[in-house]
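*Asks:* This is the feature table in TrEMBL:
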DOMAIN    26-382  domain 'Calpain catalytic'
ACT_SITE  Cys88  active site
ACT_SITE  His294  active site
ACT_SITE  Asn323  active site
REGION    701-741  region 'Disordered'
COMPBIAS  712-724  compositional bias 'Basic and acidic residues'
COMPBIAS  725-739  compositional bias 'Basic residues'
Amino acid sequence: MSPKYRKLFEQNYKKIFLEYARTGRNFQDEHFPTNDVSLYKTPNKKHDHHIEWKRCKDLTNNPHLFVFDNEGKGKINTDVVQGAVGNCWLVSAIGVLAAHPKLLHKVIPKASDQDWNHSDEPGKKTGVYHFRDTGRHPGVFRFRFYRFGEWVEVVVDDYLPTRDGKLIYAHSRNPDEMWVSLLEKAYAKLCRCYEALEAGTASDALVDLTGTIPDTIELPNTTHFDDIPNTPSSHCSSMTVTANKNVVEQMGLKNFIMMIIIANKKGALMSCNINPLEGEAQQERLPNGLVIGHAYGITDIQQIQEPFWKKNRKNTILIRLHNPWGEIEWNGAWSDKSEEWQNISKSKRKKMGFKIADDGDFWMSFDDWMLNFSILIICRHLNTSIFSFEKRWHGITFRGEWSIEKSLAGGCVNNKKTFYQNPQYRIVTHKPTTLIIGLMQEDKRANITRENLTIGFVVLKVEENRKYRVHKSTFDVAGRVTYINTREVTARIALKSGNYILIPSTFNYGDEGHYFMRMFSGNRISIKRLEKDKPKKKWWYPLIYWGKSYFVGTIRIKLLSVNLKRYIGKAYIKITFADLNGRIKQRIVSPKFITNDDDDGGVTDILTEYTFFTRDPSTAGLLFQLYQKNTFSKDKLLGEMRLLTDSYSKEEKVSKMWEITKTFTKTVKIPKSYLTSNTTTTETEGEVSLDECEDVDKKSEKTVTRISAKMNGDRSVKKSSRNDNKRRKRNGNGHKKGLKSKDFVPQLIDANIGELKVRIIYYPDLNS
């Protein structure tokens with residue numbers, strides 16, 4: 001069984017701890033030395049600042065991993081302060097993580113066993129506790145981060161860079177608390193050096209600290225909340241949630257507020273930032289105290305209500321944010337010294353953790369937050385356990401690469417000739433579902449010569465029976481994400497039942513790299529990578545099919561709609577594809593659909609597509625049979641429609657879409673003697689009117705006819721007759737009394753049920 005995590009540089013924490021503790025030595029990490037190699041991307045350059053590396057016990061006489069609040073409730077302080085390197089994206093995420101102890105202890109496993117043990121702390125007798133006093137602690141710690149689909153354990157020593165005796169990088173506001181500085185050091189080791197932490201996105205940090213999948217949501221740029229509907233927009237059912245979509249407008253304001261409140265209650269990690277407008281600069285401080293381009297962690301959301309004696313009292317939603325810079329805070333309504341707090345009781349303020357201090361923590365109203373911030377990042381924990389009462393998500397992961405050598409680096413859809421060379425995944429869902437997709441590339445921080453690729457993906461709605469890769473741009477887009485040069489892109493897509501193709505790619509043709517993809521669905525789905533481009537020729541084909549031993553073309557059929565004359569409830573269409581004059585048959589049943597509930601029927605959209613490979617389009621045909629679905633009896637055949645592919649395979653119609661609307665017919669047996677001059681027949685099918693056939697039914701006994709898909713010309717039509725009433729007496733030669741079977745001929749008549757609209761296209765190759 002493979003380990004749950006990978007050890008960076010194969011360093012074993014337990015072995016290192018015991019080896020150095022028993023010999024009384026201080027651990028010094030050779031893979032992250034106390035010199036410029038661990039500080040800068042270019043250590044050979046001259047750096048003017050004098051930096052001294054000091055152990056934690058030399059910085060304070062009472063070092064601890066965690067120093068809990070004064071109330072004794074075991075809460076971890078979220079006062080995290082950013083240092084000299086511009087990594088507010090990481091430090092703000094660390095501050096958010098501090099508000100979720102369970103997640104924090106996943107990053108710092110068995111923190112109490114790693115901590116320093118002091119003489120005034122009786123009862124700490126776990127593991128090798130007697131080696132963990134301040135003087136004998138070997139100074140070795142371990143942290144775990146989620147990287148490219150796996151957890152990585154990083155071992156570090158406790159030497160920290162200082163200047164003039166003070167820590168120069170991230171640290172806790174309490175000088176005795178060391179977990180922030182040591183965690184940042186472990187992350188810097190994972191990224192090669194401290195300078196590699198310069199600039200980044202909060203979503204990357206939250207993912208690395210939790211292993212969750214991020215949702216990036218663009219907040220509406222409006223000062224009028226009346227412009228935002230309270231209910232979802234009409235196209236919300238099929239929307240794609242990406243950073244370039246106005247999700248708030250599509251969800252509705254009330255649903256959006258409820259979403260973030262529920263996300264907070266369920267322990268989701270959230271961060272937000274302000275995008276610069278025209279004329280504004282990154283890291284510019286606004287008059288209201290907020291900083292442009294700066295990552296703020298969301299540490300709490302509360303709902304408060306005005307006192308009951310006030311008329312028209314309102315509920316106010318407050319959001320608590322954390323600024324890693326510490327002293328720079330919001331100075332508007334609900335800030336530390338604002339008058340709004342005077343209306344809140346002391347007990348409520350204490351419960352909310354409100355305090356007046358320049359510590360980087362501040363509250364603001366939801367309305368002000370929406371007006372000022374541009375991007376919201378939510379990292380949710382998707383429950384995949386079967387032993388839970390919460391909603392269960394079904395997850396699956398894939399690893400792959402974009403490679404020129406393997407013809408898998410086709411670029412984005414702008415590269416029409418090469419886009420479909422990219423990896424492709426078939427998604428099959430039998431129920432409408434929500435699908436969350438995360439596409440991640442390898443982190444480039446450790447490599448100073450490489451930058452992130454611009455990546456994204458597209459989801460196409462394809463035929464219900466597709467088993468091979470897509471090669472042509474003739475499919476509807478069911479979802480997509482904006483291509484961006486970030487480590488991970490994500491999207492939340494609402495899918496209807498059916499088949500889809502997911503194509504992850506880089507923006508530029510020829511860009512190479514490895515990727516890791518995560519998918520989570522609300523309902524069970526099937527996902528498979530497609531490797532084959534077309535059907536494989538079998539060795540036994542020539543023995544059976546002679547000169548037509550292999551496929552020569554592709555027929556694509558899309559069922560668009562039915563226009564019925566009456567309401568029939570639940571229905572479906574059975575498709576029979578016949579090739580080589582009926583020698584080869586393939587049958588497919590469409591998904592069930594509910595017809596228009598008007599008494600007079602009406603148009604019902606079906607919108608399902610199928611593909612068939614043919615050996616000879618001139619001898620191929622399709623039979624569409626409309627069935628009414630019955631619960632307690634056999635499904636009823638209401639009508640059928642035939643379509644020959646011969647004319648659509650001619651040169652002037654090849655590779656073009658054609659829409660056809662034809663009336664449903666049904667096959668009956670007509671006595672030869674009844675085919676007189678008063679019977680109206682068609683040129684091709686020999687149809688007669690429904691009234692005439694009803695008249696025939698009254699004069700002759702009923703029969704049931706089974707036929708195969710009828711072709712044109714003089715092609716044979718298989719037929720057989722049977723008597724439904726087995727109790728009827730038969731004459732000596734087995735035929736019914738009266739008319740004999742040879743006296744009847746099959747005829748197509750109007751089924752008087754409606755018509756079917758389809759779209760057909762024929763490709764003279766197999767790469768459709």
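Glycine is treated like the rest: Cβ placed from N, Cα and C.
Curation plays no part in TrEMBL annotations; they are all automatic predictions.
Give me the local environment of each listed feature.
*Replies:* On the 0 to 100 pLDDT scale, the domain 'Calpain catalytic' (26-382) averages 81 in the predicted structure.
In the three-state DSSP assignment, the secondary structure recorded for Cys88 (active site) is helix.
Summarising the environment of His294 (active site), the number of other Cβ atoms within 10 Å of its Cβ, over all protein chains shown, is 21.
DSSP assigns Asn323 (active site) to coil in the three-state reduction, placing it in neither a helix nor a strand. Neighbour count (other Cβ atoms within 10 Å of the Cβ, all protein chains): 28 for Asn323 (active site).
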*Asks:* List the same-chain residues at least 6 positions away in sequence whose Cβ sits under 8 Å from the Cβ of Cys88 (active site), in sequence order, or say none.
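*Replies:* Cys88 (active site) has long-range Cβ partners Gln82, His294, Ala295, Pro324, Trp325.
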